[in-house]
């Protein structure tokens, strides 16, 4: 396990000031809690209702006072209430018992399924793994999804940015990745819902149950743990829930020695919450009103997401770009940490091409001959140049029609349309909607299939045979079926 912050003996303090989610607490001389320690306040408000609140120490003010940020609403809190220093940072449950459950930032279950059956906990603030413990050789993480594995491969222990508007298939893609890592890699997933809508979190949970990612009958057979800090919660909770999810993922990597997928939706909300907390603590804002510690905050989270010699955490982070401005400090700082980007295009979704991953806009630092090999690299670049040429010809086709193109361009268009259709595939988690069995396509089969299309070996097969299939053998079988029905 990575080194954890030292703990100190619990002491009692008194709340002296409450301003929104920020509270000042006075402690006896020489008994001040350490920075990042959790304070616990358990009392009754004037109406006699119970108050149970956790806050995290952010500043030592002098005069035996500390300033802390609350992890839940401060309604009913009054001066004079007793606050206990827990002597350690916020800790969350870890291990197999977390699978199939939903937690808040404090690691408390919020799914009404009873207490978590584990005594194992870990603090959310920890050091990143030492350089000597890191796996430095880049290794491709096979997802079984053709378009990703061929054109924008993920790095094992890397970070991927997931870009896309509403309704283009982000959730289904996330579910499929969770399903595939469990079945093919024996890994598990952790989902961190950071500052998004409660409705979306509920929908995701229900869809996970529907698709079998969460097994409601036997939670131990589930493939994912969920950790939510929704947009109605105080900024402290939204700022820390990403670390709570990451801590659960680190346990699977470091103790169980598994490959883990960590989903963060949305990484921008993590930065936004940090900005709110920074302003509440009275720090001078930096560019565009963001916190002056923006780079450090993002780095502290991202540096813990990595491959070690024991296992890996591969992170897929949904990135909201405010006002579509890629130069905004929040997305710009995030981009510096990403190894790959998966861009979902509405135009492809409208054509019925699922997954709607844009083959020209999606990128990966792994797509280089020294990492993926010459064959993979050349195939990927040939596929992209064919699709790029097709894109350039679309205006001419729209105005003059296909017949006005040269023989060579007509052939390019024909192959590009087959490539576009072959980049689609049926998903396991979508079986209940499509009625088609899902397909996991091995990387070598993907490369071989696209090479055959590019070489013209499949020019005589009908276009629709390439739509929503797995490997090239299925294309041929589908083509035979189409021809026999004519």
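Cβ coordinates come from backbone N, Cα and C, glycine included.
Copied from Swiss-Prot, the annotated features are:
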type: BINDING; residues: 164, 165, 166, 167, 168, 169, 170, 171; note: ATP binding site
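There are 11 other Cβ atoms within 10 Å of the Cβ belonging to residue 167 (ATP binding site). Between the listed binding-site residues, namely 164, 165, 169, the fewest other CB atoms within 10 angstroms of a CB are found at 165.
Other residues of the chain with a Cβ within 8 Å of the Cβ centroid of 164, 165, 166, 167, 168, 169, 170, 171, the ATP site, are 344, 349, 356. In this view, residue 168 (ATP binding site) is surrounded by 23 other Cβ atoms within 10 Å of its Cβ, with every protein chain counted. Here the Cβ of residue 171 (ATP binding site) has 17 other Cβ atoms within 10 Å, regardless of which shown protein chain they belong to. The Cβ of residue 166 (ATP binding site) has no same-chain neighbour under 8 Å that is 6 or more residues away in sequence. The Cβ of residue 170 (ATP binding site) has 21 other Cβ atoms within 10 Å, all protein chains considered.
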